[in-house]
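As structure tokens, the structure follows; a few thoughts come after it.
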Amino acid sequence: MSETTRTNEENKLPLNGRRAIPPNYSNDEENEVPEMEAFGLIPRGFNPRDYLRVVDIYMFKEPQEINKQEHHTDKYYNPRLIVRRGQAFQIQIDFNRPYKPETDQFWLEFLMGRYPQQNKGTYIPILVGNVLKPGQWGAKIIHRENNSVRLSIMSSTSCIIGKFRLYVAVLTPFGILRTRRNSATDTYILFNPWCQLDAVYLDDEKEREEYVLNDVGIVFHGSVEDVKSRSWSYGQFEENILDACLFLMDKAELELSGRGNPIKICRVASAVINSRDEDGVIAGSWNNTYDNGVAPSAWTGSVDILLEYYSSKQPVRYGQCWVFAGVFNTFLRCLGIPARLITNYSSAHDNNANLRLDFFLDDEGKVDTRLTKDSVWNYHCWNEAWMTRPDLPVGFGGWQVVDGTPQETSDGMYRCGPASVQAIKHGHVCFQFDAPFVYAEVNGDIFYTRMEKNGTQVVENIDTTRIGQLIVTKKVGSDGMMDITEEYKFREGSDEERLALETAVMYGVKKQSIQDTMYQPQTDVDMDFQAQRAVLGNDFKVTITFRNKSRNSYTATTYLSGNIVFYTGVTKSEFKKHSFSAKLEPSSSNSFDIVIKSSEYMGDLLEQASFHFFVTARINETGKILAVQKAVMLEVPALRIKTKGELVAGKETSVIVEFTNPLKQTLENVTLRLEGPGLLRTIKKQFGRIPMNSTLTWEVKFTPMRPGLRRLIASLNSDALRHVYGELNVQVQKP
């Protein structure tokens, strides 16, 4: 392309008085790079073939070759070169004749986006030198043979991440000769948790294997009294997932120059994972109707969701918190940011971040659902990402909370984080981003407040221990549960806990002190509530126990309210009302059993099969109220998965999924899903109905792609029954 046509092209840039070039936030767009860039008039006899010319470039990009092995990128199902920043990689250039260092000069150019600029890190010229400096761009020749040179190339530890185009440029007296555009030499550069100078450096190899390289994980759900777990396929190495994750940053309009910074990437990603602003990846739905979409409980992993979004560019329906967190985890691990999925049990969702959740009682002591606006989620999932925080004082790096579930706006968008876990623990909620919101999710108090006829509020009971009482994640190297509550808060009642709370209040978290409210609880009577193991479709019993520690006789008017709730603690319907009078003798305990019949709850059951029981008791002699609430999860049957014979990579085999309907009714509109990273792409099958007590059997033929320990994950979804899962670990042999 001649100099004049090139200048004309550049003059056609859209005019904008604010910036010289348009914003540069598409990793996919390209500029045209001239193969011959002349220095002036070219003499008539000039023949580019007389000079050093590149014949071929070899990238060592196969999974078994040196680059992908040393950079821990051999699992990516992607034919291009993928390397991690701040670590050397090798390429070989074949010229038309032997390279002579005395007279020949060539260099490499890495470009990204439509308007590459050196000061933005999107145009990177690399001269060939004698020595590589750690953490800085550079190249040196490590081997010369015949017409070939082998180079070792070092990338910068703060390099932007994404897909770069590679050119080799050769200097001639009359201009620069460049290689043709060749997508086979495109190079992806990712974050490097193995490199000490990288912002995401993690020093423990076992943790890197878990938080960066593990492509399956565990989601803990249920309730604090009844922790349940299920597998989730992250699939960060599957075909096209890396491109889909880079597209998310384009969609979020993150300038290319900002993409070396994990703080910025996490912040924009927490907004683009949900569809509330700018049509992000997943549309949330919490209302038990999932028309024209997939029920959140039916997904078995992130891959289908990301690929559907990447191709349709439209939000994928539907998700709830663990789906947002599962997809966010895939995004982070795929780009090389260490990440884990967190579950906070009894998560406070209060509408004004005042560390106080109000449950209003009527005159009789029953909960008034009309006045009660706050809710306690049985559990809530978010993510933690590992990085340094140079924008905060020393000591607040490490795990950062990021949350893709749309709950509250932050700086005008539905996003949350990154917020330092260490800052949350110590109450330093002044440090960006969104620490007060996360602090309230794990630290609120529940106030039971009675409204008098004249409008005054009387606090009858305060529960300081329920909110955030268990925070967990998957163990490193196993499927067990790791309790990380102490990472978020000091022991309940300790001096440190009080100090952290005072610090948080000083930094603007609103908290009403108990002294401000008229509150004298009944201290000499305890009330406890326990539920027997409850199986879906069966009757079960609950027990209310009073312990009278005083020398007085009391009578307690007791109300039990059983509610079918969404896992967010919001009530759908009350299915059980029961009241009785209890006689409490001095210094003794009394227990009262109540039977919950399946016929009472089956008609209205929601997908997570969870109940919420409120028990309130008024001590008639003193007028004081005792209150307790508890979530009860029904046990749902599991899918059974088995394989036939041994599994060998590249050889067809089959897997069988079975399910027996335990309900006293026929299941309608049954859908099964099966997937396994490295084994098979998601397969879906519709079954019309499963009559009661009958067994469904589904056989799937597939060819495992890769050897090693792999996991099959299945889910069943139907109108009356959801959240049914099964999983199986399988060992795939080498052929």
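Each residue, glycine too, has its Cβ placed from N, Cα and C.
The region 'Disordered' annotation in TrEMBL covers 1-26.
According to TrEMBL, the compositional bias 'Basic and acidic residues' annotation covers 1-12.
Mean predicted confidence for the domain 'Transglutaminase-like' (313-406): the pLDDT average there is 91. Look at TrEMBL and you will find 313-406 tagged as domain 'Transglutaminase-like'.
Positions annotated as active site by TrEMBL: Cys321 (among others). Around Cys321 (active site), the C-beta neighbours below 8 angstroms that are at least 6 residues distant in the chain are Trp377, Tyr379, His380, Cys381, Trp382, Thr405.
The active site annotation in TrEMBL covers His380 (among others). For His380 (active site), the number of other Cβ atoms no farther than 10 Å from its own Cβ, over all displayed protein chains, is 27.
In the structure as shown, the Cβ atom of Asp403 (active site) sits within 10 Å of 31 other Cβ atoms. Taken from TrEMBL, the feature active site covers Asp403 (among others).
Per TrEMBL, Ca(2+) binding site is recorded for Asn443, Asp445, Glu492, Glu497.
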Ca(2+) site, defined by Asn443, Asp445, Glu492, Glu497: further same-chain residues with Cβ within 8 Å of the Cβ centre: Thr464, Thr465, Ile467, Gly468, Lys489, Leu501
Neighbourhood of Glu492 (Ca(2+) binding site), C-beta criterion under 8 angstroms, separation at least six: Thr464, Thr465
Pairwise CA distance, Asp445 (Ca(2+) binding site) versus Asp403 (active site), rounded so that it is a whole Å: 22
Sequence-distant neighbours of Asn443 (Ca(2+) binding site) in its chain (C-beta under 8 A, six or more apart): Ala348, Leu355, Ile467, Gly468, Lys489, Leu501, Ala504
Rounded to the nearest Å - Cα separation of Asp403 (active site) and Glu497 (Ca(2+) binding site): 24
Winner by Cβ contact number (other Cβ atoms within 10 Å) across the binding-site residues Asp445, Glu497: Asp445
